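J.: Per Swiss-Prot, the features are:
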| type | residues | note |
| --- | --- | --- |
| DOMAIN | 11-69 | domain 'TRAM' |
| BINDING | C82, C88, C91, C169 | [4Fe-4S] cluster binding site |
| BINDING | Q272, F301, N306, E322, N349, D370 | S-adenosyl-L-methionine binding site |
| ACT_SITE | C396 | active site, nucleophile |
Amino acid sequence: MARFFQPKKKLQPESKHQQVLVEKLDHQGAGIAYLNKKPLFIDGTLPGEEVVTQLTESKSKFARGKLIKLLKPAAERVEPFCSHFNQCGGCDMQHMDYQAQLAYKQRTLLQLMKKFSGSEILLSPPVTGLEKAYRRRARVSLMWDKKSRQLQFGFRRKQSKQIENVTQCPVLVAELECLLPELKAILSHFQHPEHLGHVELVAADNGAVITLRHTGPLLDEDVAKLRQCAEQHQATLYLMPASDQLERISGEAPYYQEIGFKVPFEPNNFIQVNQKVNQQMVVQALEWLDPQSSDRVLDLFCGLGNFSLPIASKAKSVTGVEGVDEMVQKAAINASLNQINNAQFFHANLEQDFVGQPWASEKFDKILLDPARAGASGIIEQVSALGAKRVVYVSCNPATLARDSQSLLEQGYRLTKLGMLDMFPYTSHLESMALFEK
């Protein structure tokens, strides 16, 4: 007998709306309630709040919901200061009092360290800076909408490729925020807006930097308008026709000062977003590492020399190692510029065994490492082979710090200090620093 196709019935959600009590926050800042004993994650909610939520996703072990109505607010809830909150993907915790955010981030750090490494320790005071107007770097997304014939200018929405149009951003430093409306007006009238990729904004110590990434040729008259805007704001203008090409059109080469050291950089180089927290972070790293005039120090993932240069002023020698060759060359130039002659820099793949590398043939007294979010799993097991009695680990991901800490503890190190660095206020993102000693 012939069988006819029958479409599967759509799974019906348990209910369009559910009233729940939020019990805690997850490590990404989402509220956690429980529905039939299953964790339900709801963005924009706080512990102790009674809310009405609409299920947007339901799996066997968890569900996600959208906040529909706030029935009982938490004492820590505050009014967001940005009109784009809940749309822009940048800040996700503007609804929470700042001091409560700090407490939440410190709890998160402690919980992760205990879960993965079994370590329990009293936290050092958090390193903080300005709550607002702290970002000295931002990437503005651009997209030409063929239907509306309008240029979309702003930041990506949360977990989306869509752009939230903005002409103000309260977490940007003032010299960058004031550029937004003017840049949008100028770029909207370019003859070939479909060639525009994004704008990178950086606040260097010698002025703002505007970098326009474009994917096709631009008219000279359009570039002239952009140059005029940059000159009026005493900013440096770069064009980036390809991801590995930079052309300085006007202005000075940018640099920033770091506790007495001048660090030149290009707009596509990595620098820390929060200048005040970065300065305090470097000072704390020096205090914890405590380099002496007889110490040989290894700086892994050294970048432009953010830590290497200050360490070199106190140690016998510094060896900086970085996975990006261009950064290695710039770090060496920066050392020379600052008249540092006891630092050397090497390019190496820090995701694999490095013990056989020439620079690793001698022992080191102390080590500092500052890896990317993925952590240092490729090399962490080799740290003890280098002979260091003291290791400072600067982390931008507490989960990978906790994972790598387990390896250091197994190598005989003790976790003696741990602290949170609030590099990104009003977001769930947290950075941290840990000191390990033998």
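Note that Cβ sites are derived from N, Cα and C of the backbone, with glycine treated the same way.
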J.: So how many of the residues in the domain 'TRAM' (11-69) end up helix, strand or coil by DSSP?
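T.: DSSP composition of the domain 'TRAM' (11-69): 0 helix, 32 strand, 27 coil.
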J.: Report, as a single number, how many Cβ atoms besides its own are within 10 Å of the Cβ of N306 (S-adenosyl-L-methionine binding site).
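T.: The answer is 26 other Cβ atoms.
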J.: I'd like the number of other C-beta atoms within 10 A of the C-beta of C82 ([4Fe-4S] cluster binding site), please.
T.: 18
J.: Same-chain residues six or more away whose CB lies under 8 A from the CB of D370 (S-adenosyl-L-methionine binding site)?
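T.: Counting only residues 6 or more apart in sequence, the Cβ neighbours of D370 (S-adenosyl-L-methionine binding site) under 8 Å are D299, L300, F301, C302, G303, N306, F307, V394, S395.
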J.: So what sits near N349 (S-adenosyl-L-methionine binding site) in its own chain, CB-to-CB under 8 Å and at least six residues off in sequence?
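T.: Sequence-distant Cβ neighbours: G323, G378.
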J.: Determine which residues of this chain, when C82, C88, C91, C169 are set aside, have a Cβ within 8 Å of the centroid of the [4Fe-4S] cluster site's Cβ atoms, and list them as they appear in the sequence.
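T.: Not counting the recorded site residues, we get H84, F85, G90, Q94, F155, V166, P170, V171.
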J.: To the nearest Å, how far is the Cα of C91 ([4Fe-4S] cluster binding site) from the Cα of E322 (S-adenosyl-L-methionine binding site)?
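T.: So the alpha carbons of C91 ([4Fe-4S] cluster binding site) and E322 (S-adenosyl-L-methionine binding site) sit roughly 30 Å from each other.
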J.: When the Cα of Q272 (S-adenosyl-L-methionine binding site) is compared with the Cα of each of the recorded positions C82, C88, C169, C396, which one is closest?
T.: C396
